[in-house]
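Worksheet: one structure, shown below.
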Amino acid sequence: MTGASRVVAVSCGVSVLLGLVGIGSQSLWFDEGASVAYAHLDPASLAAALQKSDVFFGLYYTLLHGWIALFGESESSVRLLSVLCGAASVGTIAWAASLLGGRTAAAYAAILAVADAFVFAVSREARPYSMLILVSSLEAVAFLRAARRPTRRRWIVFAAAGIIGAYVHLFALLSIVAFGFWSALRRRDLWNSGLPLALAVIAAAASPIVLIAARYGEINGWIQRPGPGVAVRLMAEFAGSWPSFVLAAVVVMAAFFTASRKKPVLRHGAVGFLAAWLCVPLAIAYLASLAKPVFVDKYLVEALPALIIAVALALKALSRPTVAAALGAWVLLSIPALRSEYGTGIEDWRDAASYVFANASPGDAVSIYPQNGSIVYAYYRRRLGEAGPPMIFPRRTPFPFDTHADAGAGTVPATASDYRRLWLILDPLAENPEGTPGAARFLATIPHRFHRAGRKCYRRITVLRFDAARSPKT
């Protein structure tokens with residue numbers, strides 16, 4: 001094993017270790033609860049649900065279904081799949097870097113990837129985004145290998161990678177488009193080999209999910225249209241922080257400045273390839289957002305490996321002391337962001353549900369607003385082995401079975417008057433859930449015989465307790 005290979009292997013191991021530390025200490029948040037809810041569906045129900053919502057994530061939910069069957073549904077278990085995908089993506093990013101810039105570039109890319117706070121963050125949540133980074137870098141590896149030696153077998157591997165990527169997340173196809181765009185400009189000879197057929201196979205295999213996604217509009221309701229400067233802000237997120245992005249920009253500019261005086265370190269059109277991989281997905285998403293907003297940082301992580309590899313290749317043009325200083329600075333700048341991932345988490349549903357379970361009494365009822373938050377409450381009712389007070393709103397978990405319903409609609413049912421106390425859990429439509437218009441309307445429907453008797457705040461979750469003024473009539 002070469003020195004560069006050892007660096008890559010150690011980086012993958014460090015990624016696993018960092019991901020495992022405190023992996024179950026944070027509560028699931030809403031999106032992770034949705035992942036578990038989908039993963040509990042049988043194949044037929046999942047296929048039906050994906051035609052209405054989250055069509056982008058079908059393969060991930062299918063894999064998570066089998067994962068839960070093997071390892072259970074604890075916070076640690078459901079997140080472990082993402083941790084492993086994140087560690088594997090460190091290796092595949094390094095592999096792609098080696099094809100573009102050699103073994104040294106691979107070692108640099110592995111170090112940059114394992115210390116990237118954005119990669120680390122998506123690798124610690126039960127969502128498909130670390131898997132998207134993995135398949136995107138695998139698509140690049142398969143394409144670069146086929147471009148280097150265009151054999152039938154290698155084009156088949158590329159087509160398979162593209163199809164798998166499309167079913168992990170539809171936006172993985174944007175990387176395929178970027179590779180085709182680059183080859184049309186720099187490697188037209190590939191269009192006389194197996195590339196056109198491979199692209200046609202990918203397009204045909206991915207067409208069902210594309211058609212479903214084209215019909216499905218509700219998923220975009222929460223996405224805002226991108227404004228000016230959004231691409232730069234996205235690059236800063238991909239780098240892990242603004243200081244890290246500035247460092248990356250300085251490294252790349254320094255490399256271009258010194259490259260004119262040294263032997264070129266980039267080969268096989270690497271600069272153009274990385275530029276296409278990084279810019280084409282962002283450009284397509286931005287233009288598409290003019291009609292229907294789809295520009296989301298996590299949806300576009302398929303372009304993140306290009307940024308890391310570009311910095312790795314730029315480091316090759318610099319002196320060893322400069323490289324050591326740059327890598328050290330990258331790691332140091334990442335530490336605050338990495339530490340923040342070990343904090344309190346996004347939403348503290350676990351403690352909120354535990355508080356209700358511990359303090360509820362016979363004759364109590366619970367309502368959850370908005371109603372989709374009930375999927376995480378239901379998860380912790382199973383996990384903590386508590387029956388809990390009956391849930392009177394919503395009557396049943398609406399998500400993912402009724403995804404076209406208005407998540408923020410609803411009223412406290414009249415049957416609330418039959419109970420002695422009412423617990424209301426508000427999940428985060430805003431930092432101040434009670435201050436949102438929808439929540440205010442919902443609170444206004446609480447029967448007049450109840451008065452507010454308690455309030456408990458958790459991380460972006462508010463629990464309110466209402467006591468009846470007098471015992472309900474019997």
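Cβ coordinates come from backbone N, Cα and C, glycine included.
A quick note: this is a predicted structure, and the numbers were derived from the prediction, not measured.
According to TrEMBL, the protein carries these features:
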TRANSMEM  55-73  transmembrane segment
DOMAIN    64-210  domain 'Glycosyltransferase RgtA/B/C/D-like'
TRANSMEM  80-99  transmembrane segment
TRANSMEM  105-122  transmembrane segment
TRANSMEM  154-182  transmembrane segment
TRANSMEM  194-214  transmembrane segment
TRANSMEM  234-257  transmembrane segment
TRANSMEM  269-287  transmembrane segment
Same-chain residues near the transmembrane segment (154-182), Cβ under 8 Å, at least 6 residues beyond its ends: 55-60, 128-129, 131-132, 135-136, 138-143, 145-146, 193-195, 197-199, 201-202, 205-206, 209-210, 213, 269, 272-273, 276-277, 279-281, 284-285, 299-300, 302-303
Segment-segment contact (the transmembrane segment (105-122); the transmembrane segment (234-257)) at 3 or more Cβ pairs under 8 Å: yes
Positions whose Cβ lies under 8 angstroms from the transmembrane segment (234-257), at least six residues beyond its ends: 115-120, 265, 282, 297, 300-301, 303-304, 307, 310-311, 313-318, 322, 326, 329-330, 333-334, 336-337
Same-chain residue ranges lying at least 6 outside the transmembrane segment (55-73) that approach it to Cβ under 8 Å: 35-36, 38-41, 43, 46, 80-81, 126-128, 131, 164, 167-171, 209, 212-213, 216, 219, 299, 379, 382-383
Chain residues in Cβ proximity to the transmembrane segment (80-99) (below 8 Å; excluding those fewer than six residues from its ends, i.e. six or more beyond): 4, 8, 11-13, 15-16, 19-20, 23, 63-64, 67, 71, 105-110, 113-114, 119-120, 122-131, 133-134, 137-138, 140-141, 144-145, 148, 305, 308-309, 312-313
Counts of helix, strand and coil residues, the domain 'Glycosyltransferase RgtA/B/C/D-like' (64-210), according to DSSP: 128 helix, 0 strand, 19 coil
Rounded mean pLDDT for the residues that make up the domain 'Glycosyltransferase RgtA/B/C/D-like' (64-210): 96
